[in-house]
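Written below as structure tokens is the structure these notes are about.
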């Protein structure tokens, strides 16, 4: 048995402690007069209460009200409200130190014990003393209510324990009008209370201690009393209706025993004393089970939590909160079953139907007080390994019984036991045992015989399962992935000390759980993210979507592999997660009961869909859930999706800022009108001006009365009519500067002269009139000024004065030219006006064809359905390929239209010189491309095909250049234009650049022939569409064309380069899947061919396809297996199909298949296919290559092959050599 410390405080001597019944709080009353309120989960001090003079010895929480009571050496009892953080009132009456105080569990009573040799019962509502219990003739050290009956037990320094009957007091206080009668009785018989109330009577006096008794308390359910005294003894007493007697004495303390309590859940007694120890006693045998010592601290008080398995003890330098043994049940999940141990009995729980069965008893393992620590299940041999920390660690191997009916069986074979702190299965017939003391790992077979033994590479604390023949070894600062067969370290990851390891279902991700951190890594121990928690992490499990759901002491949370995390729901009590299935969270509580808890996974599925760019899923969640909150809005802004955040926001200010961020002028204008502030109109005008929306700019300037900018806007747009209106407005506003400015913009010389005369600027008016040829007006101004022409000296004026050019054509659309702001996938979907219109291509690489019914898929997808499937009702098909062709012509994505690349030529006019200089031959611009660019496409554009081939060979192992010949020629031709000269003179080459802003030919780069976004639009989406329609040959050609074009793609940012890699992976998955599907359709009908066809159909469903396409593959595989009576496999495919939420008709069909298969869940044809073991498919033989098996990869498309195919040309990309090494495709300059 071990004491697990959960919290420890440092303070003055603690004389009294009390747990809150619901919240994770504990009160500590100190010898210096202070009362501390601690949160023992967070480890923080919440509040201090300082009103007592002198030590505070008694403290207690009210079981239901926000109250606590304290009693101290100042003779006072104080009642506090912890919400208002103040003392409500003080009860005075005791004549000496108050030792203990307790609330009654039902009545408004407080029980206090004092050194004045009395026990008092107070009514805290009326704030009066209702009973005084006298009879002890020395200090009363403690007094407590019985948890259920009308009894009080008290302990005194007079060496006795007394049991008091308070039933009369209860009856008196429950009688009608009891309060008035009580007041009357108190007034008339106040003298009687001085010698003891007649409402309370002594029932028993227990004598047996040789010295003073410090503590006495009742058992929560049994008629037992435990007492502790200065005679260093702990005594157990039993009572009935007529008498009480001593049962036995527990001896072992070396000094005064301060307190003793019953364990609320086990037959144990806990005691502490001034000998600096806490002891645990067996209540039936009365012997010491465990002793926990401290070096310098005497213990003064001990208490148990009213509901949880927690204890607290106060000592000289603070308090300690602890529990005896771990409450975490040993469990393991295997497919749809949960194996767990409750009360030392192995249970199996079925997740699907909720059935729970007892399998066998493990009571003989370890100590009766120590629960098993871990459980490892072997599904192949139906065996379990159970470990216990008893005596340094023991393990036992159990074979599960075939028949679980009747009584539980006790395993009799003790030869399968052994010592070891950890024991786990690592293969079908092998398990590993770790001896922590000797730092030795033994590999044993199922007869418990050692087959191999070795020492770990460094000092380790624990071993965990990591797949067949591999182990995870946890050190104090890292985790090591170790290969048992090769005896070598595969990888190592630095992390805090790991307590638990949770693998995802496909073994591709692992969560390493420490006390306060979670490290998520891949199967090669490459860290994905690190999450810190302030509260202890208890357990976790993986969601089917690849999200890690975990729980702390008071929250269920989630973590995405990319690092995002959040709260799913709060918890009243800690639980242990076993599985997540949609909205159902399967858990084990601390009592070891398997339960189901409902959660809302919307938030983390929404974030995961955003991270994976599954925009259809994002849109579905938005439309069908109630995702709200500032955290979601902030997350969407942080991740660069303001248009999605805009959908959730109702606050005008936030909507306005989000609309500006995503360039949505319509929403910004709407919210600006509702707020109507100058700041909003100013920001809106700036954004509208960037986009060229002059109408909104004009409206914004008008709202804020920015006349100068309005005038300039009208000048820039050539709107002379509105400029004249601005001139009149300036005149009405009596603003001469604005009048002059508008007159200048209009070219209205007479208006300018009139203005200058009005403001008294006659010299300027005269100069303006004279320079513009208005002689008569000039003479009039001169006469007005009293001057003659001889007195005026004018500068030389140009023959033709400058005037403002007049607009040639008045535009009908004031917003031309308008900057094109691309609308995102979400903005188009949120628009009700365009709900049924075809959307533009979605950002990223997702399949954007909105297949609302996969029944529409045509072509070869229906080829396997020619024969009726018996056993399920048939679903009508949506039509043939011709119908789909017609639909494509009516609407479609218009992805086959040619994209015209507009390129501007930079030219420079020759400079005329006085004499002729013969030009010297310069360096060709194309030669600079070879020197300055590391990209193969730039070398091809320069005509250096040889260097381009060498670069492609070094980067991605290209050896077969025949399929790329046409692209070489196209890139070369697209990089230059030919200008014809005079007759008999050769044409001139003009090189087309992609960096036109740089005029230095030495830094120029050729134009891009294969634009990445154009490839997505013109190649990827048509390929997706062809796949959907079942035109597999067309889809294969298009995906292969796209894969070859990506070799010559040029992008500008690392993010785009990453998208290129993703697109290569997409092409690989589709091409491999298409080749397997075409191979399947080409094989014959023999039994061996049927087996191969079923395997190929199964492998096809493991290609990483878009969701609609995965639905097609799964549906086909399910129906094919069903037709060939492979019901178990068909059920698996149907279940996976249902998890993708297909349309109703397809879902109903899948459910029918699943229901039919569950009646006979067997496979008639044994397949070489294991969905639970990670694998890849060989691109030539189409055989599964399981994890850990040798393989060779294509350096370009990463297709995997069996080792015998190394050196051949990849059959997927058809250009790279299998197994060759490459530095990686480079697409950024």
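Every residue, even glycine, has its Cβ placed from backbone N, Cα and C.
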788-821, 822-855, 856-889 - the one TrEMBL records as region 'Disordered': 856-889
Confidence summary (mean pLDDT) of the repeat 'WD' (133-167): 94
For the repeat 'WD' (7-48), distant same-chain residues with Cβ under 8 A (at least six beyond the ends): 54-61, 63-64, 68, 70, 72, 80, 82, 85, 100, 300-301, 303-307, 310, 312-321, 534-536, 553-554
Same-chain residues near the repeat 'WD' (91-132), Cβ under 8 Å, at least 6 residues beyond its ends: 16, 57-63, 67, 69-73, 75-79, 138-145, 147-148, 152, 154, 156, 164, 166, 169-170, 173, 179, 182, 186, 193-194, 196-197, 199-200
For the repeat 'WD' (206-247), residues assigned helix / strand / coil by DSSP: 0 helix, 25 strand, 17 coil
